[in-house]
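Beneath this line is the structure, given in structure tokens, with notes to follow.
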Amino acid sequence: MEKELKDIRTHHLKVIEDKLIELITHKNRILAVQSEEIGEFKKNFDEFKPLTQIIQKTTRECLSDFQSKLDEADRQAIQQFHQQQDQLEYHASRLNQQQNQIQSIQELFEQQTRSRLQIAEMQKAKDRMLIELQQTKEELEQKKFLKQQLMNNFKLSQQQQIQLQQELKDTENQKRYWNNLLQEAKGSIRVYCRVRPNSQEDMLLLNGECTLVLRVPERFLKSTNCQKESSFNFEHIFSQEADQQEIYNELSDLVQNVVDGHNVCIFAYGQTGSGKTYTMQGDDFHKGVIPRAVEQIFKERQGMLELGWQMNIRVGFQEIYNEQSRDLITNQKCDEVKLLDIKDIVEVADHFNTAKKNRQVADTLSNEASSRSHFIFQLNLQGHLGDKQINSTLNLIDLAGSERANVAKTEGDRFTETKAINKSLSALGDVFNALYTKQQHVPFRNSKLTFSLYKYMEGSSKTLMMVNISSRSEDFQQTLASLRFAEKVKSCSIKK
Ligand code: ADP
Ligand code: MG
């Protein structure tokens, strides 16, 4: 065994030894080849050495040349860079400008869009209007046709109208003539009596339209010397049932007289509370003589304007207190009131309100001055047509209360007032009397009241005295005094 192992080992060692020898031989061969190659290389290297030097030199030159070219290129590139930067800035500013322009164009565009919308709306409206226009055109055509027809009819009726107008003028003249004749027949001074409504009426008896019987109440029988009953006659007596329209119906012909060119005075006489102001002015629901007369005159004027007359209306408001005259529009003392030009009824009402207010102020200052002062409303009418002329005045007078007959029983301010009222009312009576008895001298100057009215009471003037009385038995004495005054006036007629 041991021998076997030894043989194997020896065999292995022999193999390794052979291999080693083989390897060393191989190595040597390689070394020989290498040294041969190195020699070859060395020979070649020496041969190429000058060439390498040339290449090196050329390379250096090339490098230096390349460097200078590179520097030049660098310089140019920087220069170009600066130029481009400048251009870029220039373009940036242009861009900015263009951006601004674009913005304004955008705004313009938006505006245009809005305008386009508006235009579209307007177009729609225009279309609608065109349709309406078309309709209107058609209506117009129809109307033209109708107008033509009417014109033909109008021409025909114009001739008839001229004829009718002539007839109307003739009728107007005749109306004036007959109205005046009627006034003459009724007398230039008329006296009407109005009884103020009252539940207790035992002392007054109405006998028809013109006669009134006053029965003296028991308690006055002893104190008065009158007979138990006295009878009075007037042109017209209005019972307490008579309304404002009924009163006006009986005096509207006098107002017509003013339009016909005559002066007219209408007086309301009576004790305080007997209905003078109610008769003359009335209230909102029961218009009195003044507003009704103004309405009538405006209506008549309209008719005359249509006949070709030129007409002017003026009004004035006056108060006479303690023999002093005051213009109720200017609220100043005056000798003669200033007449104001009037366009329409509303203007008269406005002035009337001013006058009332000014009177009220006085009222509070002097304690119910209205019952102790005279109020005059004047309406002047001026007109002409060709050679025909009108200048007439309507005077509507709300007199002071007639009750203060006894001066002896008053004193102080009351004394002065009472004296002034007595003076003016008796002056009024005297004027009527003088006119009635056709005296040479009519005492107009005896009081402010008669002096203010003298122009309107003379000549062809007409006068109406509306005596307002109370039917209450405690007012018996005042009622009797008023009836006596009225009776005195009754028979007068204006001097011709
Ligand atoms: P005067 O002006 O005479 O002092 P008023 O006209 O102020 O009297 O009348 C006194 C009161 O009697 C007022 O309230 C008025 O409205 C009333 N009155 C007068 N007359 C009438 C009448 N006929 N119908 C109804 N009320 C009347
Ligand atoms: Mg009064």
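Cβ coordinates come from backbone N, Cα and C, glycine included.
Feature annotations, courtesy of TrEMBL:
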type    : residues                                       : note
BINDING : G270, Q271, T272, G273, S274, G275, K276, T277 : ATP binding site
COILED  : 95-174                                         : coiled coil
DOMAIN  : 188-492                                        : domain 'Kinesin motor'
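Feature map: annotations from TrEMBL on the structure.
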residue	record	Cβ within 10 Å
G270	ATP binding site	29
Q271	ATP binding site	23
T272	ATP binding site	17
G273	ATP binding site	17
S274	ATP binding site	27
G275	ATP binding site	21
K276	ATP binding site	29
T277	ATP binding site	18
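Excluding the listed site residues G270, Q271, T272, G273, S274, G275, K276, T277, the same chain places R196, A268, Y278, S371, G401, N468, S470 with Cβ atoms within 8 Å of the centre of the ATP site Cβ atoms. Proximity to ligand 2 at the level of Cβ atoms, with a cut-off under 6 angstroms, picks out K276, T277 from the binding-site residues G270, T272, G273, K276, T277. In the three-state DSSP reading, K276 (ATP binding site) counts as helix.
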